[in-house]
Structures are given as C-alpha cells and as structure tokens.
C-alpha cells in the first residue's frame, strides 16, 4: 500500500507541474489562438491564474501526502484527502459551467474576433501582439475571418481602399504568407473596386476550423481529463485506506490489561 501511495504522490507532483505549466503557458503565449483569447477576455486570464493555483496546490499536496505516508501522520493524510476532494469537485463544477454556458462562451468569442477584425490595423503597435496572434491562427488553420472572409469587408482600412487589398494571413498563395501579416494588394481589381469574393483567400471561417480541431482531439481531451480524475480518486481511496491502517496499528500497540 505504501509503495502504491509513493507512486501516486509522484504522479501528483508531475500532474501539478503540468497544470502549473499549462497555466503559465496561457499567460505567456503570444502566437496562437489562446493568445487572442487571453488578450481579449479577462475570464481566460482568471482561468489561467486558477490553473496556476491548482497546479501549485496539487504539487504541495503531493509533498504533504508523501510526508504523511512516510511518517504515518494521519492529519496530513486527512488534509491530502480533503484537498483532493475539493480539487475534484472544482474540476467537475468547471466542466459543468463550460458545458451549460457553451453557447454564451461561443457568442462572446465570436464578438471578440469580429471586433478584432473590424479594428485590425498593421500600424497599430499597441495591438501588435494580438493581431499577430490572429494572423498566426488564420495561417495555421488555413481559414479567413471567424465565419468567413466577408467579415474582413467590415475592416475600416480595407473599406476605405474599396477592398482592393486583403489580409495576407488569409491568402491561399504561398508568396503572401511570407509576410504573414498586414494587407496584400489585389492584382487586378475591376474598376478599382473589389469584394471578398475577388480575394485569393481561404473560404473556410476559423470557427469551423476550431470546431473541427476540437472534434478531432475530443478523444484525447476526454482521455486526459478522465485520467486525471481517476488518479485523484485513487489518491483519495488510498489515503483513506492508509489512515485506517495507521488507526488499526495504533490500537494494536495499546497494551492489554
């Protein structure tokens, strides 16, 4: 039983480090879809801070649990069990909130991206990181706009130029992707004007690409979440078993009258 507990404590140290690293990555990342979200939505920053806290707590609990098992200290094992239960309940609550609020989150995300596209300006250094992150998303997913390229017609700069330019990161031509940001000039606009249909860009909106990525990786995501929950449940069961063991041993040490 002790050996199994030691292995679990080691797993919790690794698990805590992974959660902690994931939270730090969300805050530090500047070149992916996560960057677009965390720069635009305070809720994701809050979530990242919570992840960092949970990761640090998980590592601390792993250490305290190991200390409690080695020295057979029941109060540390009890604290370990309580914290594991709280972490597991928090994860279940977070999953339920995301599930039942998914449509609201989808609308919020759509509004963030639409506003970003409308105000996109390659010369705006204040929003350089955010805009570069969105360009990166469009290139990596091979998409344009959130629901489609027509959203870029609402961009003030492109509208003032009669849509004779288009976002380089949306392009399906490799020569435009060398720059990877800003706007590229359309070769032969008719009468000096154009629409998104004249642009050499991808037809798929990024929303479809993101949803497809989630579908393709849903099994992995669910597998990881299930694995984490199983490890936590095992930790709770074994810590209680060890507590009872210690309790029984204490009684056997009492001298009979």
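Cβ from N, Cα, C; glycine included.
A TrEMBL annotation is a machine prediction, not a hand-curated record.
Residue ranges 76-100, 101-125 are listed, and TrEMBL annotates 76-100 among them as transmembrane segment. Your range for transmembrane segment, going by TrEMBL and the list 197-219, 220-242, is 220-242. Against the transmembrane segment (48-70), the recorded stretches 6-28, 76-100, 220-242 differ in Cβ pairs under 8 Å, and the greatest number is found for 6-28. Among residues of the same chain six or more beyond the transmembrane segment (6-28), those with a C-beta under 8 A of the stretch's C-beta atoms are 34, 38, 44-45, 47-63, 65-66, 69, 228, 231, 234-235, 238.
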